[in-house]
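Annotated features in Swiss-Prot:
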BINDING   43, 44, 102, 103, 104, 105, 106, 107, 108, 109, 110  5-phospho-alpha-D-ribose 1-diphosphate binding site
BINDING   103  Mg(2+) binding site
BINDING   106, 107, 108, 109, 110, 148, 149  GMP binding site
BINDING   106, 149  guanine binding site
BINDING   106, 149  xanthine binding site
């Protein structure tokens, strides 16, 4: 999302739905591997990377930390932690047989940065928006560019008043 526009549509995702979607992603990726390591783009990629790594039997999990959002506002990209030298070596220096996992590709800005680090890696996301979709190799669900996905780790349970009491 741009820094000046709030999303037009909301797409809340429950833990159950997210787990199902991650398993579906794993099923698709099972035909693509084998992978020597999984690289999670943090923080959003941590949960799907853990599920995918478990399903594919991958033991080596690394992270790359690129900050691009502050709550709903997009900010300048900052690499806070790069991929370890050991993981890069496992991928032959170019990312071959490495699997990069994130929750979502939005504009593709984060994916471009990581692709620059390991260009031959396989990129997988659970959700993809049209602007970022060309940068990923495998995804499960496409959502429109004007949709904000509310992931389960970003939500809290709250009381919802009955409709008869004026709830919208």
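Cβ atoms here come from the backbone N, Cα and C positions, even for glycine.
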Which of the three DSSP states, helix, strand or coil, fits residue 107 (GMP binding site)? coil
Among 43, 44, 102, 103, 104, 105, 106, 107, 108, 109, 110, the annotated 5-phospho-alpha-D-ribose 1-diphosphate contacts, find the widest CA pair distance and round it to a whole Å. 17
Between residue 108 (5-phospho-alpha-D-ribose 1-diphosphate binding site) and residue 148 (GMP binding site), what C-alpha distance do you get in Å? 15
Within 10 Å of the Cβ of residue 43 (5-phospho-alpha-D-ribose 1-diphosphate binding site), how many other Cβ atoms can you find? Include all protein chains, please. 16
By a simple count, how many Cβ atoms lie within 10 Å of the Cβ of residue 107 (GMP binding site), its own Cβ left out? 17
Whole-Å Cα distance, residue 102 (5-phospho-alpha-D-ribose 1-diphosphate binding site) to residue 148 (GMP binding site), is 16
